[in-house]
């Protein structure tokens with residue numbers, strides 16, 4: 001059975017979310033840390049960690065769901081130094097079909113800080129890819145995340161969302177534009193070269209900002225600047241300080257510490273500096289905001305303005321997610337019936353292949369006959385598989401199962 005345990009900016013607030021992310025991660029692989037505290041009864045796990053959520057999607061033995069949920073929260077509470085009772089009120093709990101409802105909405109960007117933001121779809125798929133590489137995913141989790149990806153693509157196509165207009169970076173620029181006279185003529189420094197930086201470049205271009213410089217703590221600035229028509233800053237502290245002093249706006253898009261008080265010449269600064277921190281955990285020292293002429297906008301600040309006009313829930317998108325969940329649930333309900341039918345046909349097929357081999361004149365004839373039989377079996381199974389899912393979606397699955405039993409003698413477990 002599927003279980004999702006979720007800590008987000010809406011349920012926990014950014015301070016607790018930041019602490020939890022740091023407590024579980026400690027490295028760039030939160031799944032490794034989670035595995036060390038994973039309770040018994042968990043068959044597989046996918047961990048999603050972004051700037052506004054920390055979530056574990058688990059494949060759990062059905063009789064252990066409640067215990068796993070409780071034990072996981074208790075383990076995280078111990079790491080945070082808080083009571084499990086307090087933490088559990090700030091955690092979202094999703095079981096069975098509700099897991100698909102939650103993940104599909106998350107992947108489509110409906111549960112994001114900015115509705116429709118496009119970074120989340122890639123983050124969701126990278127999370128399940130990491131789980132596959134680590135050997136912690138399962139067939140049920142893989143299917144769940146594959147459906148989430150297809151749902152996300154359908155929602156974005158139908159809604160026509162523009163990534164430069166539906167992102168945390170876009171919302172940050174909306175806030176900045178209320179504090180500077182002319183954002184388009186401002187000098188902007190990007191710190192980082194990852195997905196958030198790419199989104200920020202698009203959002204800046206959409207607002208007509210052309211004077212953009214990029215600094216990369218990992219030394220990737222030259223390649224990133226060349227791809228996006230920007231200027232690069234050398235990867236050393238002195239160059240960073242000089243670039244900050246020459247900028248009106250700094251946008252931190254990195255996953256590591258980016259800026260501290262030592263990176264700003266506060267005494268010699270004569271104009272306002274706006275610093276945007278898109279990282280969680282924070283990548284900009286909050287003390288920076290206490291310096292004269294420096295304002296820091298972190299995710300908590302940005303989140304308080306996430307209800308700007310045009311960034312609300314999308315009714316059409318939510319309807320598409322609901323339809324996708326219905327199809328997914330129907331397929332899951334029909335799974336045992338389809339599996340039983342496939343086993344029955346598979347057994348008959350293997351018997352026929354064995355007989356065909358014994359009658360074949362040579363190996364080539366045997367191979368051609370086997371290929372033809374397997375193709376025929378696949379064709380014959382296709383339509384009943386579709387009908388099974390349709391029956392599940394319309395409340396007719398019991399009738400379908402009764403038909404399998406009556407016509408083919410196929411017994412369906414758990415039907």
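Placed from the backbone N, Cα and C atoms, the Cβ positions cover glycine too.
Positions annotated as domain 'Glutamyl-tRNA reductase N-terminal' by TrEMBL: 5-157. Summarising the annotation, TrEMBL assigns active site, nucleophile to 51. Taken from TrEMBL, the feature site 'Important for activity' covers 102. If you look up TrEMBL, you'll see 175-299 marked as domain 'Quinate/shikimate 5-dehydrogenase/glutamyl-tRNA reductase'. Annotation source TrEMBL lists NADP(+) binding site at 192, 193, 194, 195, 196, 197. The domain 'Tetrapyrrole biosynthesis glutamyl-tRNA reductase dimerisation' annotation in TrEMBL covers 319-407.
TrEMBL feature annotations superimposed on the structure.
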residue: 51; record: active site, nucleophile; Cβ within 10 Å: 26
residue: 102; record: site 'Important for activity'; Cβ within 10 Å: 20
residue: 192; record: NADP(+) binding site; Cβ within 10 Å: 27
residue: 193; record: NADP(+) binding site; Cβ within 10 Å: 26
residue: 194; record: NADP(+) binding site; Cβ within 10 Å: 16
residue: 195; record: NADP(+) binding site; Cβ within 10 Å: 15
residue: 196; record: NADP(+) binding site; Cβ within 10 Å: 22
residue: 197; record: NADP(+) binding site; Cβ within 10 Å: 23
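With pairs at least 6 apart in sequence, the domain 'Glutamyl-tRNA reductase N-terminal' (5-157) and the domain 'Quinate/shikimate 5-dehydrogenase/glutamyl-tRNA reductase' (175-299) have 3 or more Cβ pairs within the 8 Å limit; the two touch. Residue pair residue 197 (NADP(+) binding site) / residue 102 (site 'Important for activity') shows a Cα separation of 27 Å. The record gives 192, 193, 194, 195, 196, 197 for NADP(+). Within 8 Å of the mean position of their Cβ atoms, the other Cβ atoms in that chain belong to 190, 198, 199, 200, 253, 254.
Remark: secondary structure over the domain 'Quinate/shikimate 5-dehydrogenase/glutamyl-tRNA reductase' (175-299) totals 44 helix, 26 strand, 55 coil, with classes taken from DSSP.
In this structure the alpha carbons, written CA, of residue 195 (NADP(+) binding site) and the residue listed as 'active site, nucleophile' are 12 Å apart.
For the pair formed by residue 196 (NADP(+) binding site) and the residue listed as 'active site, nucleophile', distance between Cα atoms is given as 10 Å, rounded to the nearest Å.
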